Amino acid sequence: MSMILSASVVRVRDGLPLSASTDYDQSTGMQECRKYFKMLSKKLSQLPDRCTLKTGQYNINFISSLGVSYMMLCTENYPSVLAFCFLDELQKEFITTYNMMKTNTAVRPYCFIEFDNFIQRTKQRYNSTRSLSTKMNLADMQTEIKLRPPYQISVSELGSANGFAHLSVVEYKGTGKISAAPHQRLEPVTLPGIVSFVLSLLCGALNLIRGFHAIESLLQNEGEDFSYVIAFFLGTAACLYQCYLFVYYTGWRNAKSFLTFGLICLCNMYLYELRNLWQLFFHVTVGAFSTLQIRLRQPQGKSPDYNV
C-alpha cells in the first residue's frame, strides 16, 4: 500500500529534533529507517536542500530551508511529487507558526512537539488521495522536480563510525562537491549583526580618514612617524575583514575573527598618543562586538530561499 509512514522536523546545524509524528510501527524495517533518519540528521548541513534516500521498500525524502529540515518516510511506491508537496506544507506551516529565534535557540529535543498534531492531520490527508485538496499544486511541483530533481543519496554512502553515521562527500548537480567548506551559507542576519557590521564599517572609515591625515602631516613635517600611517591602515583592513567574515563563510572563521580583533587592539595600543580614551574604548568595543556576532552567526549550509 502506498502511504506516508512518519515525518519529523530537524534543525540543520546540529540535527536537533524539533518535532516528529508519533510512530506505532515497530517492525524491523521501520527501526532500520529510524537509524537512517538519525544518520542523515547529523549530516544535513553537508547535503543539498532536497534529497531522497531509497532503502529497499521505503524512501526517505527531505527538504531544508531557513536552518530547518523537514523529513518524511514513505513506502517506495509513494509518488515523489506527493511526498515533496507534503514536505512543502509542513515547511510553510512550521515557518508560519514558529519564528526563527525560537528554532535557533531551542536546546531541548522535541520542544515543538505540539506541531505533531499538524503533521498527523496532513499525513492522514496525503494518505487519502481521494480527499486530498492540494491537487492544484501538483503540476507546479511536478515541473519543479523535473527542472531540479532531488539528489539521490545511496545507502552505500552511509557508513558507521563510533556509532554515528558518516556520509561521504558527494557530487550534486549544479553545485560541485558538497562539504562543510566555504560553500556553506550562514544563518540569516540579526539586528545586532547589522549594527556590528555598520559600526565596523564606521571604524574602518575613521581609520582610513585618520590615515590620510597622517600622510598629509608626514608630507608637511619630515619628523612625523610613518608607522602611525601603517597602524591606521592596518586598523582599516582589520575592520573591513571583520565585515567580510560576518558576511561570508570561510575556513577557520572563528580563529580568524579573534586574530583580527587582536590586530585591532594592537593598532589602537600603538595609536594611544593620537587618540583619547573614549576613542580607544569605542574602537576596541566595536571590534569585540563584531567578533561576538561573527561567532554567533553559524553556518547554515543550505539555500535559504527554498520555495517549492
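The backbone N, Cα and C atoms fix where each Cβ goes, glycine too.
These figures come from a predicted structure and were not determined experimentally.
The average pLDDT computed for the domain 'Longin' (8-119) is 86. Annotation source TrEMBL lists domain 'Longin' at 8-119.
As annotated by TrEMBL, transmembrane segment applies to 189-209 (among others).
What TrEMBL records for 229-248 (among others) is transmembrane segment.
TrEMBL lists 255-272 (among others) with the feature transmembrane segment.
Long-range neighbours of the transmembrane segment (229-248) within the same chain, counting only residues 6 or more positions beyond its ends whose Cβ lies under 8 Å from a Cβ of the stretch, are 182, 186, 193, 196-197, 200-201, 203-205, 207-208, 210-211, 214-215, 218, 256-257, 260-261, 263-264, 267-268, 270-271, 283, 286-287, 290-291, 293-294, 297.
Beyond the transmembrane segment (255-272), the same-chain residues lying 6 or more positions past its ends with a Cβ under 8 Å from any Cβ of the stretch are 207, 227-228, 231-232, 234-235, 238-239, 241-242, 245, 280, 283-284, 287-288, 290-291, 294-295.
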